[in-house]
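Engineer: Per TrEMBL, the features are:
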- 18-27: compositional bias 'Low complexity' (COMPBIAS)
- 118-221: domain 'Methyltransferase type 11' (DOMAIN)
- 1-42: region 'Disordered' (REGION)
- 117-126: region 'SAM motif I' (REGION)
- 185-193: region 'SAM motif II' (REGION)
- 212-221: region 'SAM motif III' (REGION)
Amino acid sequence: ATCVKTRSPLSRLRDVRGSSSAAATAGRRQRRRMAPKAVGDGTPLQDVELKQGIANFYDESSNVWEDIWGEHMHHGYYEPGSGAQLSIDEHQKAQVLMVDKVLEWSGVRPESPPATILDVGCGIGGSTRHIVTKYGCEAGTGITLSPYQARRAEEITAADANIDPQKSAVSFRVADALNQPFEDESFDLVWSLESGEHMPDKEKFVSELFRVLKPGGRVIVVTWCHRVLGKEEEKLSAYERLLLAVINKAYYLPDWVSVARYEALAEAEGFRDIQVDDWSPQVAPFWTAVLKTALTPNGLRGLLKSGTKTIRGAAVMPLMRLGFATGTIKFNLMTAVKPAKK
Ligand code: SAH
């Protein structure tokens, strides 16, 4: 029988670092020569597989995450010096604070709140509900690729005493951010918190965000990016690219971009008042905390119950931490306004 050795992503990283084997190069050449296949609507096959992978990953892992971390599936916001010894309740508060801080940074004012919001890549609806409740929105809509998440988001919303269905229509559905089932000019605020990194076509992503916004409406994208390249650099180092490649496999991510790319895409699309920022220091304590909860008896039981995709996700958590610590990975924000009609 063949003996399959399980190896940590880090050990693989050390191996491949710097080595450029002829076989790997030949493989790459061959892949490039093959014509990209597409499905009926023209979506490249690798994107179809990626989407299926994302849906399966969140179908499988959302329950474990919710058990330990609750309804928010994103980084917390930590004041300088805080974060080292926080309880899970405090980490959950930091996650809610993230939503509030991002809204404040973006210039969404409580005096002129958005009436209708779209949450692109909504998870189980944590931000959707928080924003609808905070501003008393008429409508909040969330989209996700995961059927489990859409169902669970509906369930939590139905049980949420802060949301009155007579006043606020909140709903969730399975839909693709790159091909949204909404009319042009539908929403006052389009919000995407830690979903952009999953999008294989950033240009289409930004153009869909623009399309569904009402004129005068605001977009907010908070997403994982790689660092902005220096003037002399054409790409990330081989080591950095390998680090991201391992993370991509575990978290179902396509190639990364820098925040400068998002800025350029937003500008080309016609957005105005574009602002970007880097909050990597503000999220620094997060991955250590996630790793700690994964290694508790409860966390380990949850991982074992959930399945291989979730376990692989947990196994690369140290790589996320490494990526942030070495400055390869950035926690970026972008907000912009769709020009009002004259
Ligand atoms: N914003 C949520 C969830 C973040 S997890 C929160 O902060 O709690 C990433 C989410 O992005 C998942 O819900 C996943 O289904 C969604 N996602 C990834 N690619 C997507 C796509 N192409 N279309 C719609 N949702 C997508």
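Yeah, the Cβs are placed from backbone N, Cα and C, and that goes for glycine too.
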Engineer: Would you mind listing the long-range same-chain contacts of the region 'SAM motif I' (117-126), meaning Cβ under 8 Å and 6+ residues beyond its ends?
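Structural biologist: Counting only partners 6 or more residues beyond its ends, the region 'SAM motif I' (117-126) has Cβ contacts under 8 Å with 58, 62, 66, 70-74, 95, 99, 132, 137, 139-144, 149, 152-153, 156-157, 170, 172, 177, 180, 182, 186-196, 198, 209, 212.
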Engineer: On the 0 to 100 pLDDT scale, where does the region 'SAM motif II' (185-193) sit on average?
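Structural biologist: Summarising the region 'SAM motif II' (185-193) by its mean pLDDT gives 98.
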